[in-house]
Structure formats: C-alpha cells, structure tokens
Ligand code: HEC
Ligand code: HEC
Ligand code: HEC
C-alpha cells in the first residue's frame, strides 16, 4: 500500500515536472539580418521619447559607460545582476532580433534564444504597453542607437537561484501578466496617467513593496518600499507626509525635482525625473500627477487643513530652542540653518525640513542619506546643490540633528538612531 502511494506521488511529481518544463520552455526566435529599419521618423521619435520615459538607458548604461551597451550593475537581495547590451550590435547586442523577439522579451521576459530573463528587467510593467508603443521603442533602438560590441557580464547570483528555468515558476507565482485595463469609470486623462505609470514609467517597480521572493505585492500597490539604500515613499493615502500630495504637488515635484511642501527628488528618484519623465510632454505629466492624486485621495482635500498644517510647521521652525542644552539644535543652527533658514514663507528650493517627507517617514533612511551625501547638481532641482556632511559630521552629530528635526516636526524619535546612522553610512553606495 505504502509503495503504491510512493509510486503515485513520484509519478505525479514526474508528470508535474514534465508539464512544468513544457510550460517553462520557450522556442528561440530566428535571428534576422539585417533587422527591419524602415520606420517613419514619427515612429522613431515616439520610440525615443518612450525609451527615455522607461529609463532604458539608465539601467542599460553603467556610470561612464557607453549608452545602452549594458553591464550596469544592480544589487538585489539575490545577488548582483548585470543588464544586457541592447544596442543593435549583431554579436553581443540585439542587432539580429526581430520585432517579434523584442516584443516577446518586453512582454514576457524571455530572451530571443528562449532563456528566461530576471525581473530586475521590469518586463511585467512593459507588458502593459500597447503593441504600437513597443514597436516604436524597437524602431528607435534599431535605427538610432549606435551598435557597440560588449559582452554581458555573468550575473553574480548563487546556485540554485541562477537556474534561469526557475524563473518560469517565479512568473507563474508572481508576474502580473494582465494587459493594461482601461477603467471606464475614469476619464481619458486618468487612464493615460495610469497607462504610463503602470507601464513604461514603472513607478511600482520601486514604490510597491515586494515579497521575500521579489514579487510585487499588488494589494499594496505604491505603498512604499526600500530600494538601493533609500525609501521610495508611499504615493497613496498611506503617505506619512503631513501635507497631502495634491495633483499640482506631484506635477511640481515631477517637473522641477522638488515640492516645497515635501522635499527633493534625490537618490534613485533623481534620474527617474531628470532623465526619464522629463522626456514626456507636460500633458502626460499632468495625467500621471492626476492619477496619483486620485490614488492618494487628495482630489477632495480640504485646503484649509493644508494651510493650518503648513502654518504650524513654520511656527515650529521659528521656535528658538535653548542652544546651550540641545546639541541637535546647536548643530542644526551651525550646519544647516544658513541655507534652511526660518522664513514666514516657503522659498522655492529651500525645503522646510519640518514638513518634508524625509523627516516624516517611518525610517530615517532618506534624511540620513541626504545629510551624508547632500543633493547634487543633477538631483533635486537642477543646478541647486546641498553639500554632503559625510566627512564633517559624526554618526552622533547626525543622529542629534535628526532627533532634533523629528522633535521639531512633532514626531517621535526614531529608535536606535545613532546605530542606524552608522549602518546607513556604511551601506553600499549606488550611482544615481
Ligand atoms: C530597472 C532596470 C532596467 C530597466 C529600467 C530596463 N532594463 Fe532592460 N534589462 C535589465 C536587466 C538587468 C536585464 C538582464 C536580465 C537578466 O540577466 O536576466 C535586461 C534585459 C533586457 C533585454 C533582454 C536582452 C537579452 O539579450 O536577452 C531587453 C530587450 C531589454 N532589457 C530592453 C529594455 C528596454 C527597451 C528598456 C526601456 C523601455 C529597458 N530594458 C529598461 C534592466 C533594466
Ligand atoms: C528607481 C526607483 C524609482 C522609480 C522607478 C520611481 N521612484 Fe519615485 N522615488 C524613489 C525614491 C528612492 C524616492 C525618495 C527620493 C528622496 O527622498 O529624495 C522617490 C520619491 C518619490 C516621490 C516623493 C515622495 C515623498 O513623499 O517625498 C514621488 C512623488 C515619486 N517618487 C513619484 C514617482 C512616480 C510618479 C514614479 C513613476 C513615474 C516614480 N516615482 C518612479 C524611487 C523611484
Ligand atoms: C549650502 C546650503 C545647504 C546646507 C548647508 C544644508 N542644506 Fe539641506 N538643502 C539645501 C538645498 C538647496 C536643498 C534642495 C536641493 C535640491 O532640491 O536641489 C536641500 C534639501 C534638503 C533636504 C530635502 C531632501 C529630500 O530628499 O527631500 C533635507 C532633508 C535637507 N536639505 C536637510 C539638511 C540638513 C539636516 C542640513 C544640515 C546638516 C542641511 N540640509 C544643510 C541646501 C542646504
């Protein structure tokens, strides 16, 4: 009897494995040389805009490297991943890929030769795009990106996670394979914003929390997540920002790199807006802003509440603490206040730190990152710089300033702050 059960279980496992390998297997798509290039200038231009908005070059170009030639290093919980060469080089890039092969990769994460690609390549989001938009990106790459010979480095992912075949199981469990769904209850503008955010701009790839195996938790879409040593804050009603993100706040942040009520776009958000979203026409950025304001529920915000929160924050920043006793206040006054001066009005580019998101997040990560490394010329507002204090202030100093700011902002102290500052100081630093 027992034997029969064992045989039965083994048999089922073998049949299951067989079915799975059938499912996991994808044919190679024949190479084409030369690839199709007879696209109209309009289509190529559309592809150029979309490629920018999808930050293809940010992920496919290492710092100082050749555009689109790959080997940009991504650090994940599962190991180091290198992006592919997607220039039209025939030997080492995608020069012999047909449009069908490109489209399959963009929609299902399968390479031309049939191997599964890792979800570090956000194909789950690109799958939301229309055929025309994917075709336009192909047209742009094949006609306008110079071919560069460069072999992709091997990913540093340990066995057995490096078995590509397993990705089929991951896709089965976690990948969102649904096409973009138009919400007929909403306006065309809302749907345009949703289409861009969910698809090409893949905001959720950073702002949606992931499960232990790296799958996006769709039930908590855009509710905030850790990424590259930063926190991509919640963009929904769960945002901890004291002043709700209205449509005009999103628009200002996404177009200038700063919202006076919330802070700057530094870290991984800087290239998203400066290199990515800046390619989109303002109508598209309005649409994205309106979509997120709707998700955050701020279209119906009571404006008087916003102005009283703002007034309270300004007043709090005016209060003069006793500099003889509060070390954080003393350090803040000497290191920060020259630029972040008190004012009765919000001055553009001079964030009022007591209401800024960095001070109000549940973790000190973004505030500490900004104090350590500042805000570069090409981050936040273009051309506006904040110096970093990595070499000037100790962990103790920085935690004293952060604790003082939290207190002024009416929030409880972050636990084990000084230890956290040390950890954030020593975490690997990524180029953004
Ligand atoms: C967040 C980073 C990221 C972004 C953004 C990104 N890619 Fe990639 N892409 C990768 C990584 C990493 C790989 C390799 C994955 C692997 O090794 O399995 C890859 C692989 C690919 C491949 C497969 C190449 C091959 O030889 O199999 C194509 C095609 C591709 N990307 C196109 C694009 C395009 C087009 C865009 C912009 C619309 C884009 N990618 C944006 C990270 C990214
Ligand atoms: C590569 C990862 C990444 C992607 C993609 C990304 N973000 Fe971000 N985002 C971040 C990080 C990290 C921050 C925090 C930046 C800081 O504090 O300086 C951030 C901050 C923000 C903020 C400010 C939130 C606050 O409360 O301060 C907004 C708004 C925002 N992102 C919107 C978007 C939108 C809209 C998209 C898609 C069009 C998007 N982001 C795509 C990583 C990302
Ligand atoms: C030399 C002027 C200067 C000094 C000194 C300075 N800042 Fe800033 N800070 C800025 C400017 C300008 C910005 C906006 C940068 C941008 O958006 O491009 C900024 C932005 C910020 C932000 C918002 C970042 C975000 O991602 O939302 C925080 C928080 C901040 N500063 C904290 C501090 C603290 C704390 C100190 C003292 C340790 C300090 N700053 C010292 C000029 C300064």
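Any Cβ shown, glycine's included, is placed from N, Cα and C.
Taking all protein chains in view, 23 other C-beta atoms sit within 10 angstroms of the C-beta of residue 56 (heme c 1 binding site). Annotation comment: TrEMBL describes 56, 59, 60 as heme c 1 binding site.
Under the heading heme c 2 binding site, TrEMBL lists 203, 206, 207. Listed in sequence order, 197, 222, 235 are the same-chain residues six or more apart from residue 203 (heme c 2 binding site) with CB atoms under 8 A from its CB.
What TrEMBL lists as heme c 3 binding site is 336, 339, 340. Other C-beta atoms found within 10 angstroms of the C-beta of residue 336 (heme c 3 binding site) number 17, with every protein chain shown included.
Per TrEMBL, domain 'Cytochrome c' is recorded for 42-145 (among others). Summarising model confidence by region, the domain 'Cytochrome c' (42-145) averages a pLDDT of 96.
Per TrEMBL, the feature domain 'Cytochrome c' maps to 188-296 (among others). Under DSSP, residues within the domain 'Cytochrome c' (188-296) fall into helix, strand and coil as 54 helix, 12 strand, 43 coil.
Break the domain 'Cytochrome c' (323-409) down by DSSP state and the numbers are 36 helix, 4 strand, 47 coil. Residues or ranges marked as domain 'Cytochrome c' by TrEMBL: 323-409 (among others).
Residues or ranges marked as transmembrane segment by TrEMBL: 5-25.
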Inset, instruction - Tell me which binding-site residues (56, 60, 203, 206) have a Cβ under 6 A from ligand 3; sequence order is fine. - result: none
Inset, instruction - Could you tell me which of these binding-site residues, 60, 207, 340, has the fewest other Cβ atoms within 10 Å of its Cβ? - result: 340
Legend entry - Chain-mates of 56, 59, 60 with C-beta within 8 Å of site centroid, heme c 1: 54, 55, 57, 58, 61, 68, 72, 83, 86
Inset, instruction - Identify, in sequence order, the residues in the chain of residue 339 (heme c 3 binding site) that are 6 or more apart from it along the sequence and have a CB within less than 8 Å of its CB; answer 'none' if there are none. - result: 350, 386
